[in-house]
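Look at TrEMBL and you will find 70-92, 113-143, 207-235 tagged as transmembrane segment.
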Amino acid sequence: MGCYDCCIRCIGAVPYPSLVATLLCYAGMALFCGCGHEALTQTEYLVETYFARNVQDYVVMASFIKYFQYVIYGLASFFFLYGILLLAEGFYATSAVKQTFGEFRSTQCGRCLSLTFIVVTYILAFIWLVVFAFTAVPVFFLFNMEQTCHNINLLAETTASINQHSWICMDARQYGLLPWNAVPGKSCGMTLASICKTSEFHLTYDLYIAAFAGAGVTLLALFLYLIATTYNYAVLRFLGRKGIR
């Protein structure tokens with residue numbers, strides 16, 4: 001067997017769907033974890049600077065942010081290892097299908113392992129769908145805040161009366177960031193417009209958008225994993241029925 005034939009066989013044994021899903025998963029998790037971690041830090045700064053005066057008003061939110069940042073570390077490690085396992089399972093299934101190497105065959109253990117990956121990936125996809133929806137909440141809040149600031153600026157340009165735009169507010173308590181007894185808990189008028197002009201606001205907004213995109217890419221990767229593992233399991237069962245063990 002020549003070098004060219006060996007290269008062709010090796011290329012043919014690559015599980016491209018699993019490989020693409022792994023790359024997407026790593027890219028998505030890098031965006032979600034990196035940008036999400038920094039966005040949470042910036043959120044704490046914005047809330048304690050502009051929406052709360054008493055430390056007790058945002059202590060729960062600060063504790064939640066600190067806890068979730070540790071969760072992000074665990075998610076990054078878990079998905080890194082899980083991506084490697086799914087990619088290895090893809091290599092095994094592809095080798096069994098193509099019969100590239102004589103020592104790889106469809107076994108009962110291999111089919112059971114593929115079924116386990118299907119179940120685990122399905123559960124992860126469902127959980128990550130909830131995470132994806134949850135990630136949209138801060139993006140929605142900051143988008144509304146930016147639009148509110150835009151309306152305030154328009155009113156400020158068209159009228160000289162401060163009363164025309166001083167009643168326009170953003171209330172952090174409505175989004176669950178602060179308790180209802182927090183003071184002031186909201187920002188109104190030109191004070192709110194000045195917040196939207198700060199670099200911290202724009203940085204936080206961009207970070208949350210990137211984290212939201214990363215969560216979406218990771219969800220897409222899990223769906224690709226689910227398709228690939230289901231296909232691999234079906235083929236391994238077929239080979240088992242054909243007596244290739």
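Cβ coordinates are placed from backbone N, Cα and C, and glycine is handled just like the others.
Note on the transmembrane segment (113-143): residues 32, 36, 39, 43, 82, 85-86, 89, 93, 175, 177, 201, 204-205, 208-209, 211-212, 215-216, 218-219, 222-223, 225-226, 229-230, 232-233, 236 of its chain, located 6 or more positions outside it, place their CB under 8 angstroms from a CB of the stretch. Panel annotation: around the transmembrane segment (207-235), residues 15, 17-18, 20-22, 24-25, 27-33, 35-36, 38-39, 42, 79, 86, 89-90, 93-94, 96-97, 111, 114-115, 117-118, 121-122, 124-125, 128-129, 131-132, 135-136, 138-139, 142 of the same chain, lying at least six beyond its termini, place a Cβ under 8 Å from a Cβ of the stretch. Among residues of the same chain six or more beyond the transmembrane segment (70-92), those with a C-beta under 8 A of the stretch's C-beta atoms are 13-15, 17-19, 21-22, 25-26, 29, 32-33, 36-37, 104, 110, 113-114, 117, 121, 124, 218, 225, 228-229, 232.
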